[in-house]
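Chemist: Could you have a look at this structure, given as structure tokens, before my questions?
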Ligand SMILES: *[C@@H]1O[C@H](CO)[C@@H](O)[C@H](O)[C@H]1NC(C)=O
Ligand SMILES: *[C@@H]1O[C@H](CO)[C@@H](O)[C@H](O)[C@H]1NC(C)=O
Ligand SMILES: *[C@@H]1O[C@H](CO)[C@@H](O)[C@H](O)[C@H]1NC(C)=O
């Protein structure tokens, strides 16, 4: 009796799920009409980029190359049409450099938990240590993890840095990628960039440079550094003057992890960082921002938050120069117009 009644209850539930699923898959996904629950995936980017030029890389030998760098080398100098370098799952232990002479590369992985580019090097020269370097305009990556496995952050070791990715060109976007290291993970050096749905891990200054970048819905994971007693910072943005058009903008996403962290430290006198609608766990220290090892005045720092939430978002003990933006002040940072993304991004949220 109990069995038959539960069986008869199951049917309408199945039907309801089938209808919900059918609605879900039939809902239109246009290029501009994204809503919060949509995801920019590999088929969508591939469709937008619309090229018939693809090079396959497979570490097991079922592609044209087993090395990603060999595939980049095969892209013609002065390339002017999109080239897809499809990297099948695997751990590729190599440094990869996309030089400025090879624009329009779409480096397409099989997911950030499946396609990894890994190297292990620490140096007192950030660029030297980088696992991945892009200096070409119009570069897109999807579904790849970039890792620097050098054992920085270990107690009583050197102060060396270990960069996972060096991003040094205009019009560069990463979708659903991972950046793994400790000290100085992501060197966002220069140009306009978009990071969507990325995972970025580190301890000290782990997103740094003078790029003009939007981080949309990214997961910032803080790890403890065992060398130092001072706390690290998520960002060390290095804007140097009022007319320099750089800055890091974080929209939605979250900051959490192990140990305590500042959202940013003053690196340049005009350092500009905005966290908007972001979740902060207790990992974010009450002061929020720091002027550690910075000699200048704090009056030109643009260390700001807008409508953030979570236990680390308490405003009461923030550094005296930290700004809480009004909706009007925040408006210029709240979408891809900050990086003129409509002119060059294949897709955005
Ligand atoms: C690739 O596309 C270009 C431009 O649409 C076309 O001219 C070319 O014939 C295509 N090549 C192949 C191999 O399909
Ligand atoms: C630190 O970097 C220097 C080069 O800048 C290198 O010679 C040295 O081996 C590195 N130390 C460690 C522990 O990796
Ligand atoms: C640096 O920050 C501390 C703590 O907020 C503050 O007391 C100090 O005045 C700041 N230094 C400068 C140069 O503004």
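Just so it is clear, glycine is given a Cβ too, placed from its N, Cα and C backbone atoms.
Annotations for this protein, taken from TrEMBL, read as follows:
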- 205: active site (ACT_SITE)
- 56-341: domain 'Pectinesterase catalytic' (DOMAIN)
Chemist: List, in sequence order, the same-chain residues at least six positions removed whose CB sits under 8 Å from that of residue 205 (active site)?
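Modeler: Result: 183, 184, 232, 233, 235, 236, 265, 267.
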Chemist: Along the domain 'Pectinesterase catalytic' (56-341), what average pLDDT does this model show?
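Modeler: In the predicted model, the domain 'Pectinesterase catalytic' (56-341) has a mean pLDDT of 94.
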Chemist: Give the helix, strand or coil assignment DSSP yields for residue 205 (active site).
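Modeler: In the DSSP reduction, residue 205 (active site) maps to coil.
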